[in-house]
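**Student:** The feature transmembrane segment is assigned by TrEMBL to 33-52, 64-83, 104-123, 139-155, 183-206, 226-246, 285-307, 336-355, 362-384, 404-425, 437-458, 478-496.
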Amino acid sequence: MTFPGRQRAETESVAAACGDALLAPPQKVSRRVLLRVASVACGVQFGWALQLSLLTPYVQELGIPHQFASLVWLCGPLSGLLVQPFVGHMSDRCASSLGRRRPFIIGGAFSIALSVLLIGYSADIGRILGDTGGGETKYGAIAVYLVGFWLLDVGNNTTQGPCRALLADLTGKDHRRTRVANAYFSLFMALGNILGFATGSFSHWYSILPFNVTSACSISCANLKSAFLLDVVLLLITTCISVSSAKEIPLSSANRVTTSVGDSLVQSDNGHEAFLWELIGSCRYLTLPIWMVLIATALTWIGWFPFTLFDTDWMGREIYKGNPDEGQMYQTGVRMGATGLMLNSIVLGFTSVVLEKLCRKFGAGLIWGISNIVMFFCFLGILILSSLAKNTDYPPNGLPPGGFVIASLVIFTILGAPLAVTYTIPYAMISARIEPLGLGQGLSMGILNLAIVVPQMVVSVGSGPLDQLFGGSNSPAFAVGAIAAFASGLVAIVGLPPRSITTRTTTLRRVQR
């Protein structure tokens, strides 16, 4: 890794040799362009919403026990740990004629489309591989599903990191516009969530697309398959809009210099070696404010991951007292959970619109901290509802009391506000704080991603066995999430106080000392 002070001197000498135009900041783009570039988040998040609402129940239908369902989600953090930093590093140095970021956005979108088709048709492919019907474990379908699931997370990481880096490139050193761009990204994530969860809550896709019902694929499986086919269409549309709107200047492989917004990095002759050294070495030179952002992010995602794992499963198991292998009560609860997540996404969208103004008035750290305290109280409400439902006798029809369902939907809805903060503020903060160090925006997203995926790996490994120790309930995982949410709120409030934005020159002098 190049030291910041030495790197600046090297960059100035390169600029003198190659011309000042090479390092000139990009022309200021309109908010309309930023909006169109961020639109790919809608297509990506549509598939992610289906993944969150339907796949944990689906893997249990394939025969994976509940205590091991969380291990399936370990594919995501593992791919994020390796893929996203590498993709971010390579996108900082990509010399494609399409630009630095857009080739990865296109490649990631193709990976997502292929993966959702594998997941949707896993039961059919499993039958070809020798799976039998009935309640037996479908090992062939599980194998195909796991390949698709891993590929889906690879595609998500390959697309979202470069897209956020592209938005940071287009907004330059204007930190306010960076927050606006990330708010747009969060807004489209909310729209994708709304469409995805609404699609997941609809139970009659099999009648609209009847060819998806096969001997290997039941009605619930056909609904899943149909939803993923819609995802492929939406992803294709949004990807075309996003990559056609961005005007990137291709990086010349001859001069081997990247011209990221506000920074310049001399490219190494060995990209893979530079990636490993730069990723590890960059962590050694991070400042205290950056470490506070990373710590708050890690604790925040320890809080969120149990919810993303078990939200609809919790509704089906603990509120509706259903079983994935018996009757329709569990599926009814899953669809109701998807409805709650759709309401959650509506609040997420509205919060994204006003978030920038709130951050300017009260400070991003305070807003982040308060939102995580709200998340703590919501998870506490989930634990209380679980206890009440467990000790309540339901009527003969098996449906839960209306108050339980309404309270659950209210909690799911309120959680949309802190989720909007999680999708926006950490990315804007890390972009603003890491830029003076001379790192590329792609690598900065990779560093932040480490603070997201490492906690997810811990939760994925521990939540299933922990829940099994308490009789298969999801409550222990939510208890861990509540504690982490409260801790992250305190870290954000105390460790990320409001600060005035300093100029890049002043920050560089402080770093070089």
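Cβ atoms here come from the backbone N, Cα and C positions, even for glycine.
Just so you know, TrEMBL annotations are computer predictions that nobody has curated.
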**Student:** Do we see three or more Cβ pairs under 8 Å linking the transmembrane segment (336-355) and the transmembrane segment (183-206), pairs being at least 6 apart in sequence?
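**Tutor:** Contact confirmed: at least 3 Cβ pairs fall under 8 Å.
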**Student:** Sort out for me which stretch, of 139-155, 183-206, 226-246, 285-307, 404-425, has the most Cβ pairs below 8 angstroms to the transmembrane segment (33-52).
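**Tutor:** Between the stretches 139-155, 183-206, 226-246, 285-307, 404-425, 183-206 has the largest tally.
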**Student:** Where among 285-307, 362-384, 404-425 do we find the most Cβ pairs under 8 Å to the transmembrane segment (478-496)?
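**Tutor:** Comparing 285-307, 362-384, 404-425 against the transmembrane segment (478-496), the winner is 362-384.
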**Student:** Please figure out which one of 139-155, 183-206, 226-246, 404-425 racks up the most CB pairs under 8 Å against the transmembrane segment (285-307).
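**Tutor:** Result: 404-425.
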**Student:** Under an 8 Å Cβ to Cβ limit, what residues of the same chain, 6 or more beyond the ends of the transmembrane segment (139-155), are close to it?
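**Tutor:** Contacts with the transmembrane segment (139-155): 47, 51, 55, 58-59, 62-64, 72, 75-76, 79-80, 83, 108-119, 121-123, 125-131, 216.
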